[in-house]
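Peer 1: Right, I'll just put the structure down here and ask away after.
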Amino acid sequence: NSPLPSSQTSHPFSTYDKDNDGEDKLNCAALTRGGWWFDQCESLQNFWSNLNGEYLLHEDSTDSDYRGIRLADDWADFEVAGRTEMKLRRFLPNGSCNSEPCENGGTCLESDSSFYCECAPGFLGRRCEDKYGDPCSSDPCQNGGTCNQRQGHQSRQYCQCAPGFRGCRNLHFRGIRQSGVYTIYPSKYPDGLEVYCDMDTASGGWIVFQKRFDGSVNFTRNWTEYRNGFGNLTGEFWLGNEILHQLTSRGGGRWRQMVRIDLEDDQEENQTYEAKGFGISGENYTWTHRKPAHYRRGT
């Protein structure tokens, strides 16, 4: 049973003090001790499909499987995830930058429909394949801006103003490869937003919005706390539903976001779920993603 909410319907977020789960007699968030986008919680499979649910800490147990978040598979056989990460990033329709199309030291950056190359001084063309004079030699950019050349403009330049990094993926494309806390500048956060960037997983560039690994942070929180976020970006945390909404709303690139969930048990066996077209919308922070969701399992 995938921990992703079903793509067949839209699911509002629920907490113990704001019950949006659609169950007449049950409060799924209260039962599982964490806020989530519930399909239902009447059956065992869905009852435990809450990655924000209770983190079991049986310190005196010799069975390490009892440390973590309890999950259920399709047959209601329980598994435990000792480590969970939920993350998002923008995706290109054809994965254009994954093939490293820019030549001669050019940097590939995403556009709304494809990609473009920021060329090194002296090179131009869609893929920086042509050598020309350097239009940036006069250092025309002010206030910390960076002069760049774009796509075949033989005598033109443009200035990329500081800070200019809208997301973790932009940082990754610029050569930053160390996972950690960074300040990004999405369109809805002109003054900056601190996030944890995963630069290691699947080509990097992920904004992590949930991380759990030791049960040190209590995820039994109310609506306001889930809206605003809690925890510490260097430890366990929830980034915040309002931030998720702003990052995935239409102006922030809705339908151009990919969501990924990584699970790891105490035996270091991994499960990964991915889906494109991810968005959080409306006053109830409703989850949607486009079909299909992809699943991988390994070590």
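Placement of Cβ uses the backbone N, Cα and C atoms for every residue, glycine included.
Unlike curated entries, TrEMBL annotations are predicted automatically.
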Peer 1: Can you look up which of CYS119, CYS141 is joined to CYS128 by a disulfide in TrEMBL?
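Peer 2: Here TrEMBL pairs CYS128 in a disulfide with CYS119.
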Peer 1: If you count the C-beta atoms lying within 10 Å of each candidate's C-beta, which of the disulfide-bonded residues CYS119, CYS128 ends up with the smallest number?
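Peer 2: Taking CYS119, CYS128 as the disulfide-bonded residues, the minimal 10 Å Cβ count falls on CYS128.
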Peer 1: Grab the pLDDT values for the domain 'EGF-like' (132-169) and give me their mean, rounded.
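Peer 2: Taking every residue of the domain 'EGF-like' (132-169) together, the mean pLDDT is 62.
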